[in-house]
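Asks: Have a look at this one.
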Amino acid sequence: MEVMNLIEQPIKVTEWQQTYTYDSGIHSGVNTCVPSVSSKGIMDEDDACGRQYTLKKTTTYTQGVPQNQGDLEYQMSTTARAKRVREAMCPGVSGEDSSLLLATQVEGQTTNLQRLAEPSQLLKSAIVHLINYQDDAELATRALPELTKLLNDEDPVVVTKAAMIVNQLSKKEASRRALMGSPQLVAAVVRTMQNTSDLDTARCTTSILHNLSHHREGLLAIFKSGGIPALVRMLSSPVESVLFYAITTLHNLLLYQEGAKMAVRLADGLQKMVPLLNKNNPKFLAITTDCLQLLAYGNQESKLIILANGGPQGLVQIMRNYSYEKLLWTTSRVLKVLSVCPSNKPAIVEAGGMQALGKHLTSNSPRLVQNCLWTLRNLSDVATKQEGLESVLKILVNQLSVDDVNVLTCATGTLSNLTCNNSKNKTLVTQNSGVEALIHAILRAGDKDDITEPAVCALRHLTSRHPEAEMAQNSVRLNYGIPAIVKLLNQPNQWPLVKATIGLIRNLALCPANHAPLQEAAVIPRLVQLLVKAHQDAQRHVAAGTQQPYTDGVRMEEIVEGCTGALHILARDPMNRMEIFRLNTIPLFVQLLYSSVENIQRVAAGVLCELAQDKEAADAIDAEGASAPLMELLHSRNEGTATYAAAVLFRISEDKNPDYRKRVSVELTNSLFKHDPAAWEAAQSMIPINEPYADDMDATYRPMYSSDVPLDPLDMHMDLDGDYPMDTYSDGLRPPYPTADHMLA
């Protein structure tokens, strides 16, 4: 019987081992318990699965197993044949010769004879390995039909013993390849694993599939035999070793077997895997989290299943409580994939994900730091109200000093979002030299818009609406940032960067000390040039009756509004006011009063209000026929617009005849100041009652990466988290950047 030959095989191997000094690897089991193909990168090489889950050595006795005379004769002939081959090819492999050679060895020394004998011994060892390999394969192949029959036996004891034998065979390479070549046996193993209630049988069968999964042929055999649903079922086992074998085998299938991901999803594998995040074995968790990443990447439904089963909370808990680098890295990969899902993002943030990820920004592992940075970048647009981010903000400011492009991209983008509409964060970043660090990042970035644009947006946030805003405005000047910032207005820079730069210049102009440096940098001609170009483009679409298109996500009307608003603030300085007037801008400003966009009407009336302080400019405004649209704007629902219009009308009526002035006065009183006497004083002094720029958020940007591009890392869906009104001067949120998921490594 072939099974008897398998039982006697260890005896024969022992005899062979006594005849030479090199271990064949069969008797000792060296390198037979191989970790998962993928887990070789996840688990330490010196701590393979055998040390984590110890398999019991099972000795199968021959009692009760019938053995006829033919079997004995076959066994004797096989043994004699192998012995004759060895004696013919390697006569020195006998036990006596080997012992004589060993007897000549002196501890700690190698004789010349031994050195001369080494090549011969190596050759003998290789030949013995070959003989062992061939015998294992031949013996296993002959035993396969009988083992398959025993696995299908109705007696559970017989099935268990058969599973133990197959498990031992699966640990040897030659016999393992024979097993993979038998679809009937693999199917029997899968069936046994799925139907058994015996823990030892479950352990042996999962171990068999685990060993087969280290070869592509084995993966295919498992897949074709319906092994995936059975392995998913084993994820509910109470036995740790069974869990390990099942998750590792599934991991190898997910990595290398086509169709495995869909099969795992259909078998409800995610629903079984997410609860495993509560286990406390770091290496087991590392494989589990990598399975989640492979399943979630590029599949929105999988991301939602992970969310529904409490995945974000479990993943954040791992990032918070563990220090094993490979586990932290694989977990950060999953969070990175989930961080572009609009549903998962708030859940991760609410679970404390920002703080947990921030803990690892100072790690010695570059790949972990990079994953944490990207994930923080992706989550930051929904974390603007989060507390406890002080240490994260400080680390991000420090990260601005590095030269790595990815680090700078993530750090600037995250700072841009976390300083959006958050006065506390703005103040903290400003007080920790954030302005200086951002300026230096811009200077080093060159033409890399992925760094420059978020850095400019962050500076725009820091220079407005918080207690240290004036300090930030001055800091830009003191760190020689104004010339570099003004240069960003030049084409062919991308429109999002130009738009952000215009808003920053507007904020810098709020500080009187910045007016002279801005003028020296020739900011006014550049703003006027951009204004004219953007207005012409917008008018062409109006004339053609087409909707205003977006250029790189920016409408030309936004550029018109931004440039006019910046010129409005700059016009508070007499020298700037004169330069703006000499550039023949008044006809354009008057034309903008007819715009259908309320914000454009407001900033146009505002800049005319400043220019009208000079008599020559006031006369030019009147000559352009501004009175009619200004009278209409007195009835505007926007108080700022109405106030500016009243101030301009009041100024240009000063030199008119008494009848005209009386008519203007009556109109002002009836339309604007009937219930607000203070507004009349404001109009007379041309001081706006309210800050004209609302604290609206910019529309969000593109996601960092998308699940629909090649793997390592992320999801390329447009990640819009709100339809916010566009305002050039407002704080703007930045969603994740698009990036291929293969960057996840």
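Cβ coordinates come from backbone N, Cα and C, glycine included.
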Asks: Looking at SER182, SER237, which residue has the phosphoserine feature per Swiss-Prot?
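Replies: SER182, according to Swiss-Prot.
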Asks: Report which of SER170, SER596, SER665, SER707 appears in Swiss-Prot with the annotation phosphoserine.
Replies: SER665
Asks: Near the repeat 'ARM 9' (470-510), which residues from the same chain, at least 6 beyond its ends, have a CB less than 8 A from one of its CBs?
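Replies: Residues 426, 430, 435-436, 439-440, 442-443, 449, 452-453, 456-457, 459-460, 462-464, 517-518, 521-523, 526-527, 530, 551-554, 558-559, 562-563, 565-566, 569-570, 572, 701, 728-730, 732.
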Asks: SER182 (phosphoserine) has how many other Cβ neighbours within 10 Å of its own Cβ?
Replies: 18
Asks: Could you give the number of helix, strand and coil residues in the repeat 'ARM 2' (172-215) as assigned by DSSP?
Replies: 35 helix, 0 strand, 9 coil
Asks: Going along the chain, which residues at least six beyond the ends of the repeat 'ARM 7' (383-420) come within the CB cut-off of under 8 Å?
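Replies: 349, 354-355, 358, 361-362, 369-370, 373-374, 376-377, 426, 428-429, 432-434, 437-438, 440-441, 444-445, 448, 450-451, 454-455, 457-458, 461-462, 697, 731-734, 737.
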Asks: Would you list the DSSP helix, strand and coil counts for the residues of the repeat 'ARM 8' (423-464)?
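Replies: Across the repeat 'ARM 8' (423-464), the residues distribute as 35 helix, 0 strand, 7 coil.
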Asks: Take the repeat 'ARM 3' (216-255) and count its residues per DSSP category (helix H/G/I, strand E/B, coil), listing them in that order.
Replies: 33 helix, 0 strand, 7 coil
Asks: Take the repeat 'ARM 10' (512-551) and count its residues per DSSP category (helix H/G/I, strand E/B, coil), listing them in that order.
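Replies: Residue counts for the repeat 'ARM 10' (512-551) by secondary structure: 31 helix, 2 strand, 7 coil.
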